[in-house]
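A short write-up of the structure that comes next.
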Amino acid sequence: MKSDIEIARSVELKKIKQVAESIGIPREEVENYGRYIAKIPEQLIDEEKVKKSNLVLVTAITATKAGIGKTTVSIGLALGLNKIGKKAIVALREPSLGPCFGMKGGAAGGGYAQVLPMEKINLHFTGDFHAITSAHNMISALLDNYLYQNQAKGFGLKEILWRRVLDVNDRSLRSIVVGLGPKSNGITQESGFDITPASEIMAILCLSKDVEDLRRRIENILLGFTYDDQPFTVKDLGVAGAITVLLKDAIHPNLVQTTEGTAAFVHGGPFANIAHGCNSILATKLAMSFGDYVITEAGFGADLGAEKFYNIKCRKSGLQPKLTVIVATAQGLKMHGGVSLDRIKEPNMEGLKEGLRNLDKHIRNLRSFGQTVVVAFNKFATDTDEEMEMLREHCEQLGVGYAINNAFSDGGDGAVDMARLVVDTIENNPSEPLRYTYKEEDSIQQKIEKVATNLYGASVITYSSIARNRIKLIEKMGITHYPVCIAKTQYSFSADPKIYGAVNNFEFHIKDIVINNGAEMIVAIAGEILRMPGLPKEPQALHIDIVDGEIEGLS
């Protein structure tokens, strides 16, 4: 089979205005970024059409280093729905450069189920990440300047909370000291970098309903505390308007196309392990304004992306998914059943059977939200008929719909069974109205504990002294009504990446808490999760090159 990049180059792309017109967007509303990419104004959102559209969330079993293929399944499902005559649009997140050049490689789907132009989407795309990075670091520069210019007046901050961001994986930037040298270099202070997908600006962009809401949220960003324990925000700097200007284009959703020429919105890119893991509300609603079926995904496993999709994105936006599709692979399930990474391509029925406990736990959790769930098995060439039969029988025993997804190798034709299952389930057994894991009026501890115990399976929740002090500040600020966004490893229900499967009865430790006052959520950091990843021993960058003007190695 051809490589992803070879398949992408073999597709004869439609002009982006043709793609827009195919779903009902007028040509004059299309702002071209080249021939095959466009920005679409969010003013085209029609809330009445949003209510009538069928929103489908695609999530997955707990992530493994072998990959699950959630984005490929999401794109494939949209292709399959279009194959059976439904007007379907996929709405995804933008890839981050860090993982593209690190361990993961590209994030535009795979095989014959990709969003295109793949190279541009995986690299700089429309510059949204650049704008977010610039806006975030502009706040850092303006804050440092404010402190430098006002130090003679005796003004200072007891604690500076605002860090910097870059869209790279660079462990050496996690903790730094700025302002070294002469006094003219600024105030010496500890700082550090997070990766751009963990930026509060990224979360704000993805949760804002319009430019005015974007500005309001930026104004509320908490930068630090004064010596008399008063919050110091972007509003106090007086630069919310300037920062919003940097994002005036980035807030518009991006329109591209799939390998079969159907529409795809790709906008926003928070990670699900260290942020809330969902594409922008605006892009989702724009897709729902023009599509009868909209397929969206949430990052990593259902314990991370799906939980945050329901408890944060849907709570903030009023969105109600009609169905949740959970993606599983035989390889991933075998790994959760105790099979080592180097042996998961070999037949192992016992390992597969044990790994099904991970799938079962995710399905129980998804049902706790009132969701109707169906399973998509992303088929790999090494999967055996016996393994597929075990998976089918298991789903039948659970009373869960099941279909095999072959979109990677066959495009939309390989997802027709999945598409028919989705349509039939929505028509005959749609999800109930969402039931959130916690109430707005619950305390921060109650919210964390309900997620950790009810969804992860923890039995004891512990807090560092830093986390406890942060909670006191949150209570003092009167923002306990914010939802919680738990940052933890993607490889386990617990905070320990080495514990696979369906672990229960463990201690769950909250190391720190970050107040995202602009994004209006509380980020609780569990275990040793880092908001600036590092590069692996053999980064994907070693395999990326340009030969005769053509990019090689992106996948």
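Note: Cβ is positioned from N, Cα and C throughout, glycine not excepted.
Quick look at what Swiss-Prot annotates:
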{"type": "BINDING", "residues": "THR64, LYS65, ALA66, GLY67, ILE68, GLY69, LYS70, THR71", "note": "ATP binding site"}
Among ALA66, ILE68, the one of these binding-site residues whose Cβ has the fewest neighbouring Cβ atoms within 10 Å: ALA66
Binding-site residues (LYS65, LYS70), the one with most neighbouring Cβ atoms at 10 Å: LYS70
Secondary-structure category, per DSSP, in which LYS70 (ATP binding site) falls: helix
Set of same-chain residues at least 6 away whose C-beta sits under 8 angstroms from THR71 (ATP binding site): LEU92, ALA107, ALA108, GLY109, GLY110, GLU297
Distant-in-sequence Cβ neighbours of THR64 (ATP binding site), under 8 Å, six or more positions away: GLN331, GLY332, MET335, HIS336, LEU341, TYR491, TYR500
